[in-house]
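Visitor: Quick one: the structure is below, questions incoming.
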(Lines of atoms letter the chains of each structure in order from A and count residues from 1; the text may use other names and numbers.)
(Lines give C-alpha, C1' and ligand atoms only; values in the text may rest on other atoms or scores of the structure.)
Protein backbone atom coordinates (compact mmCIF):
# COMPACT_ATOMS: atom_id res chain seq x y z
CA UNK A 1 0.00 0.00 0.00
CA UNK A 2 1.56 3.25 -1.10
CA UNK A 3 1.37 6.25 1.18
CA UNK A 4 1.43 9.88 0.05
CA UNK A 5 3.34 12.44 2.07
CA UNK A 6 2.66 16.14 1.69
CA UNK A 7 5.43 18.67 2.10
CA UNK A 8 3.17 21.72 1.86
CA UNK A 9 3.76 24.29 4.58
CA UNK A 10 1.07 26.03 6.60
CA UNK A 11 2.61 29.51 6.47
CA UNK A 12 -0.19 31.10 4.43
CA UNK A 13 -3.17 29.33 6.00
CA UNK A 14 -5.40 31.63 8.09
CA UNK A 15 -5.39 30.71 11.82
CA UNK A 16 -9.10 29.80 11.87
CA UNK A 17 -8.40 26.97 9.42
CA UNK A 18 -5.16 25.56 10.83
CA UNK A 19 -6.72 22.69 12.78
CA UNK A 20 -8.60 21.50 9.72
CA UNK A 21 -5.38 21.90 7.76
CA UNK A 22 -3.58 19.70 10.29
CA UNK A 23 -6.32 17.05 10.13
CA UNK A 24 -6.21 17.17 6.33
CA UNK A 25 -2.46 16.54 6.40
CA UNK A 26 -2.94 13.54 8.70
CA UNK A 27 -5.57 12.13 6.34
CA UNK A 28 -3.33 12.66 3.29
CA UNK A 29 -0.56 10.75 5.08
CA UNK A 30 -2.68 7.67 5.78
CA UNK A 31 -4.91 7.21 2.71
CA UNK A 32 -3.96 5.54 -0.59
CA UNK A 33 -2.22 7.83 -3.09
CA UNK A 34 -5.00 7.50 -5.66
CA UNK A 35 -7.44 9.20 -3.26
CA UNK A 36 -7.55 12.84 -2.22
CA UNK A 37 -8.62 14.05 1.21
CA UNK A 38 -11.58 15.80 -0.49
CA UNK A 39 -13.09 12.41 -1.33
CA UNK A 40 -13.61 11.94 2.41
CA UNK A 41 -15.61 15.17 2.90
CA UNK A 42 -18.95 13.90 1.56
CA UNK A 43 -18.97 10.20 2.26
CA UNK A 44 -21.60 8.11 4.01
CA UNK A 45 -23.71 9.59 6.78
CA UNK A 46 -20.94 11.15 8.90
CA UNK A 47 -17.92 12.10 6.77
CA UNK A 48 -18.36 15.80 6.12
CA UNK A 49 -20.56 18.40 7.74
CA UNK A 50 -23.00 17.07 10.33
CA UNK A 51 -24.19 13.50 10.51
CA UNK A 52 -27.19 11.37 11.41
CA UNK A 53 -28.45 7.81 11.35
CA UNK A 54 -26.35 4.67 11.26
CA UNK A 55 -22.90 4.72 9.64
CA UNK A 56 -23.01 2.90 6.29
CA UNK A 57 -19.64 1.12 6.64
CA UNK A 58 -16.32 1.02 8.51
CA UNK A 59 -15.04 4.23 6.94
CA UNK A 60 -18.22 6.09 7.87
CA UNK A 61 -17.83 4.72 11.42
CA UNK A 62 -14.41 6.39 11.54
CA UNK A 63 -16.16 9.72 10.92
CA UNK A 64 -18.90 8.91 13.44
CA UNK A 65 -16.28 8.21 16.12
CA UNK A 66 -14.41 11.39 15.15
CA UNK A 67 -17.58 13.49 15.45
CA UNK A 68 -18.22 12.02 18.90
CA UNK A 69 -14.61 12.59 19.92
CA UNK A 70 -14.91 16.28 18.99
CA UNK A 71 -18.23 16.42 20.86
CA UNK A 72 -16.63 14.98 23.99
CA UNK A 73 -13.71 17.40 23.67
CA UNK A 74 -16.18 20.29 23.60
CA UNK A 75 -18.52 19.10 26.36
CA UNK A 76 -16.20 17.34 28.81
CA UNK A 77 -13.03 19.37 28.35
CA UNK A 78 -14.32 22.76 27.09
CA UNK A 79 -12.09 22.52 24.01
CA UNK A 80 -12.77 24.09 20.62
CA UNK A 81 -11.62 21.26 18.32
CA UNK A 82 -12.00 23.09 15.01
CA UNK A 83 -9.80 25.95 16.26
CA UNK A 84 -7.35 23.99 18.42
CA UNK A 85 -3.81 23.82 17.08
CA UNK A 86 -1.58 20.94 18.10
CA UNK A 87 1.88 19.48 17.58
CA UNK A 88 2.30 16.16 15.83
CA UNK A 89 4.72 14.17 13.71
CA UNK A 90 4.06 11.97 10.68
CA UNK A 91 6.59 9.16 10.84
CA UNK A 92 7.05 5.50 9.95
CA UNK A 93 3.47 5.07 8.73
CA UNK A 94 2.01 6.37 11.98
CA UNK A 95 1.17 9.67 13.66
CA UNK A 96 2.56 10.86 16.98
CA UNK A 97 0.68 13.53 18.97
CA UNK A 98 2.62 15.76 21.35
CA UNK A 99 1.37 17.83 24.26
CA UNK A 100 0.51 16.97 27.82
CA UNK A 101 -2.17 14.33 28.38
CA UNK A 102 -5.54 15.87 29.17
CA UNK A 103 -4.84 19.19 27.43
CA UNK A 104 -7.06 20.36 24.58
CA UNK A 105 -4.04 20.21 22.27
CA UNK A 106 -3.51 16.52 22.98
CA UNK A 107 -7.21 15.56 23.11
CA UNK A 108 -7.97 17.10 19.70
CA UNK A 109 -4.79 15.73 18.14
CA UNK A 110 -5.70 12.25 19.39
CA UNK A 111 -9.20 12.61 17.87
CA UNK A 112 -7.71 13.52 14.49
CA UNK A 113 -4.94 10.91 14.71
CA UNK A 114 -7.41 8.11 15.48
CA UNK A 115 -9.68 9.13 12.60
CA UNK A 116 -6.86 9.48 10.07
CA UNK A 117 -5.42 6.06 10.94
CA UNK A 118 -8.93 4.59 10.78
CA UNK A 119 -9.39 6.08 7.28
CA UNK A 120 -6.15 4.45 6.18
CA UNK A 121 -7.33 1.06 7.43
CA UNK A 122 -10.87 1.21 6.02
CA UNK A 123 -12.12 0.36 2.56
CA UNK A 124 -13.38 3.27 0.46
CA UNK A 125 -16.60 2.18 -1.26
CA UNK A 126 -17.37 4.46 -4.20
CA UNK A 127 -21.15 4.03 -3.96
CA UNK A 128 -21.07 5.59 -0.46
CA UNK A 129 -19.71 8.88 -1.83
CA UNK A 130 -22.35 11.64 -2.11
CA UNK A 131 -25.18 9.37 -0.94
CA UNK A 132 -28.71 10.63 -0.46
CA UNK A 133 -28.50 11.25 3.30
CA UNK A 134 -32.25 11.83 3.62
CA UNK A 135 -32.82 8.31 2.34
CA UNK A 136 -29.92 6.36 3.85
CA UNK A 137 -29.05 8.24 7.06
CA UNK A 138 -32.12 8.05 9.28
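Every residue gets a Cβ built from N, Cα and C, even glycine.
Okay, these came from Swiss-Prot:
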- 1-10: signal peptide (SIGNAL)
- 45-137: disulfide bond (DISULFID)
- 46, 48, 50, 67: Ca(2+) binding site (BINDING)
- 47-63: disulfide bond (DISULFID)
- 62-118: disulfide bond (DISULFID)
- 66: active site (ACT_SITE)
- 69-111: disulfide bond (DISULFID)
- 79-104: disulfide bond (DISULFID)
- 97-109: disulfide bond (DISULFID)
- 112: active site (ACT_SITE)
Visitor: Between the disulfide-bonded residues 79, 97, 111, 137, whose Cβ has more other Cβ atoms within 10 Å than any of the rest?
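Guide: Of the disulfide-bonded residues 79, 97, 111, 137, the most buried by Cβ count within 10 Å is 111.
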Visitor: Which one is closest to residue 111 (disulfide bond) in space, judged by CA to CA distance, out of the recorded positions 46, 63, 66, 97?
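Guide: Nearest candidate: 66.
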Visitor: Neighbour count, 10 Å Cβ-Cβ cut-off, for residue 46 (Ca(2+) binding site): what number do you get?
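Guide: For residue 46 (Ca(2+) binding site), the 10 Å Cβ neighbour count is 25.
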Visitor: Taking the Cα of residue 63 (disulfide bond) as the centre, which of the recorded positions listed as 45, 46, 97, 118 lie within 10 Å of it?
Guide: 45, 46, 118
Visitor: Relative to the Cβ of residue 104 (disulfide bond), which residues of the same chain, six or more apart in sequence, are found under 8 Å away?
Guide: 73, 77, 78, 79, 80, 81, 84
